[in-house]
């Protein structure tokens with residue numbers, strides 16, 4: 001028998017499919033299309049969360065200014081907001097506990113008074129003085145002065161050794177302090193009493209967020225979820241603010257026809273409804289910040305906070321007629337440049353620390369699965385500090 005050659009047999013018996021080339025070309029196209037869709041979806045989601053954060057953050061600022069024009073009891077207003085936040089955080093905890101069948105953390109009285117009380121007192125004074133200042137200052141002056149809280153956060157971070165002294169931080173401090181001076185210099189709507197209240201709130205805010213960071217870093221307390229933190233803070237905040245309320249507003253409120261000596265039930269219901277709305281905005285602000293940080297990053301919150309200040313000033317000038325001179329705008333730009341520099345330095349520092357790690361202090365994975373339907377986290381440990389810097393801008 002003759003010998004049969006099989007050297008080209010596989011090519012003849014297994015011809016390439018007619019559409020194999022098309023498939024090879026289609027796979028990269030489909031991959032790029034999937035990546036484009038994922039990118040667009042993430043961008044839309046981030047934009048939506050930023051807009052939600054803007055609605056609550058800018059909304060509560062203008063709400064406080066609007067309400068204090070007719071309701072001159074800002075400390076009572078703040079205390080009612082704290083009560084509403086406590087109710088909503090307690091309801092959220094109950095819903096999460098029913099869904100997960102996991103008991104929520106409840107601190108002992110010793111830990112509660114020794115570790116939570118200082119943070120609660122500082123937070124109460126920060127929020128109370130901030131709301132009190134709306135009786136005297138414009139929204140633009142309030143926004144600019146509160147931006148200086150980053151300055152005090154840096155100072156107290158250095159004192160508590162949460163930051164290392166560097167030349168770049170000194171530059172950040174000088175930019176923010178110089179911008180604050182330029183914004184308030186020869187301001188036509190400047191009020192000394194109101195400015196002192198806001199500046200005092202910013203100073204206490206530096207202590208507040210430094211203590212908050214230290215509180216959330218204590219893993220043994222189990223307060224990494226902001227809902228649990230709000231639940232534990234509100235009662236002590238209420239008690240901490242009550243002496244100020246009793247001294248400065250108690251007698252006047254007890255004789256006011258808007259609350260205790262009301263004659264018109266409809267007016268009373270409108271006032272209580274307006275106060276309750278502020279509590280909803282305050283709770284929504286905290287929760288929207290949590291959503292934004294959890295689904296994106298604390299850097300996104302920091303950058304969004306910078307642009308939020310610009311939007312607030314533009315709205316204050318357009319809607320409320322706040323007078324802002326060219327020098328004031330230059331001071332505001334100088335202050336924002338200092339904040340932006342600090343955010344950039346933190347971003348570079350976080351990126352230089354290596355791969356992503358689990359973020360402490362902003363929520364555990366089971367909680368995120370229930371509250372956010374996602375447990376994926378992409379932040380590093382050092383980004384936690386950026387979160388508190390962004391909070392200080394509120």
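Just so it is clear, glycine is given a Cβ too, placed from its N, Cα and C backbone atoms.
Summarising the annotation, TrEMBL assigns transmembrane segment to 39-63 (among others).
Residues or ranges marked as domain 'Sugar phosphate transporter' in TrEMBL: 48-341.
Per TrEMBL, transmembrane segment is recorded for 75-96 (among others).
Nonlocal intrachain contacts for the transmembrane segment (141-160), taken as residues 6+ away from its ends with a CB within less than 8 angstroms of a stretch CB, comprise 61, 65, 130, 133-134, 169, 172-173, 176-177, 179-180, 183-184, 187, 189-191, 194-195, 198-199, 201-203, 205-207, 209-210, 214, 309, 312-313, 316, 322, 328, 331-332, 335-336, 338-339, 342, 385, 388-389, 392-394. If you look up TrEMBL, you'll see 141-160 (among others) marked as transmembrane segment.
Sequence annotations record features per position, and here TrEMBL assigns transmembrane segment to 167-185 (among others). Sequence-remote contacts of a segment are chain residues at least 6 beyond its ends whose Cβ falls under 8 Å from one of its Cβ atoms, and for the transmembrane segment (167-185) they are 141, 144-145, 147-148, 150-151, 154-155, 158, 195, 327-328, 330-339, 341-342, 345.
TrEMBL lists 197-216 (among others) with the feature transmembrane segment.
Feature annotation from TrEMBL assigns transmembrane segment to 236-255 (among others).
As annotated by TrEMBL, transmembrane segment applies to 267-287 (among others).
The transmembrane segment feature in TrEMBL is assigned to 326-345 (among others).
Annotation comment: TrEMBL describes 373-394 as region 'Disordered'.
It is 75-96 that, among the stretches 39-63, 75-96, 326-345, forms the most Cβ pairs under 8 Å with the transmembrane segment (236-255). The listed stretches are 39-63, 75-96, 326-345; of these, 75-96 has the most Cβ pairs under 8 Å to the transmembrane segment (267-287). Taking Cβ pairs closer than 8 Å, the transmembrane segment (75-96) reaches residues 64, 67-68, 104, 124, 127-128, 131-132, 227-228, 230-231, 234-235, 237-238, 241-242, 244-245, 248-249, 253, 259, 275-276, 278-280, 282-283, 286, 367, 370-371 in its own chain, all 6 or more past its ends.
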